[in-house]
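According to TrEMBL, the protein has these features:
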DOMAIN    65-94  domain '4Fe-4S ferredoxin-type'
BINDING   C74, C77, C80, C130  [4Fe-4S] cluster 1 binding site
BINDING   C84, C120, C123, C126  [4Fe-4S] cluster 2 binding site
DOMAIN    111-140  domain '4Fe-4S ferredoxin-type'
Amino acid sequence: MQPLSNRAKQVDKKPMTLAERAYLPAIFQGLSITMRHFFMKKPTIRYPEEQRPFSPVFRGLHVLKRDEQGRERCTACGLCAVACPAEAITMVAGERKKGEEGLYREEKYAVSYEINMLRCIFCGLCEEACPKAAVYLQADKMAPPRFERDEFIYGKNRLVEPVSPDNRSKRGIQLTEEQAQQLRAKMDAQLA
Ligand code: SF4
Ligand code: SF4
């Protein structure tokens, strides 16, 4: 048959030597590659004990902010969930009861608020969509490694920022700066 181009090469079909039939050259070649990689610098790290520096454009992990009086800012309007391209945010809205004015800023609040960190692509669109400045991404934090998938569903217990002693004082327990520092030290000691 006439070849379509002149690039085809005729190869010899030599009979294999005894060593080739025993696969010895191929085995030694494979072992040499293995040994070469054994002494090369490792491209991987022992995460999470070691961590690489964050990229300058890394947006980080979510936090649900409180206002200056320690009340939750989120009103469960759902705009962040609508904006989320990964459909990672779910929430249940509730009505604030009498006496809860110090807990929630608006009459409507999020009874539950969850972000699925396995779905999230950390694009930051939820932060941009929020009209109440309630959800932010913290550039210095990331979701720590876990063994169970359930543990990547972050609820309010892990998303709402903790109340600081200073903010508590603004919610009725009037503390001096010294008392606030003592309370902060006590809380730090309990957490240690
Ligand atoms: S960062 Fe992006 S993907 Fe993640 S919850 Fe917010 S909007 Fe959704
Ligand atoms: S975080 Fe912001 S956008 Fe999302 S439900 Fe709460 S108030 Fe609305």
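Positions of Cβ are set from backbone N, Cα and C atoms, glycine also.
Note that the structure is predicted; figures quoted are calculated from it, not measured.
Each of the listed features needs to be described in terms of its position in the shown structure.
Within the chain, the domain '4Fe-4S ferredoxin-type' (65-94) has long-range Cβ neighbours (under 8 A, six or more residues past its boundaries) at 101-106, 108-117, 119-121, 123, 125-136, 160-161, 163-164, 167-168, 170-171.
Residue environment of C130 ([4Fe-4S] cluster 1 binding site) contains 20 other Cβ atoms, counted within 10 Å of its Cβ in all protein chains. Under DSSP, C130 ([4Fe-4S] cluster 1 binding site) is assigned to coil, being neither helix nor strand in the three-state scheme.
In this view, C126 ([4Fe-4S] cluster 2 binding site) is surrounded by 25 other Cβ atoms within 10 Å of its Cβ, with every protein chain counted.
The domain '4Fe-4S ferredoxin-type' (111-140) scores a mean pLDDT of 95 in the predicted structure.
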Is the domain '4Fe-4S ferredoxin-type' (111-140) packed against any residues at least 6 beyond its ends, judged by a Cβ distance under 8 Å, and which are they?
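Beyond its ends, the domain '4Fe-4S ferredoxin-type' (111-140) has Cβ neighbours at 54, 58-65, 72-77, 79-94, 105, 149, 152-156, 159.
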In sequence order, what residues of the same chain, 6+ apart, have a Cβ less than 8 Å from the Cβ of C77 ([4Fe-4S] cluster 1 binding site)?
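Looking at Cβ-Cβ distances below 8 Å from C77 ([4Fe-4S] cluster 1 binding site), excluding near sequence neighbours, one finds K108, P131, K132.
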CB neighbours of C120 ([4Fe-4S] cluster 2 binding site) within 10 A?
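By my count, 21.
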For C123 ([4Fe-4S] cluster 2 binding site), which of the three DSSP-derived states applies: helix, strand, or coil?
coil
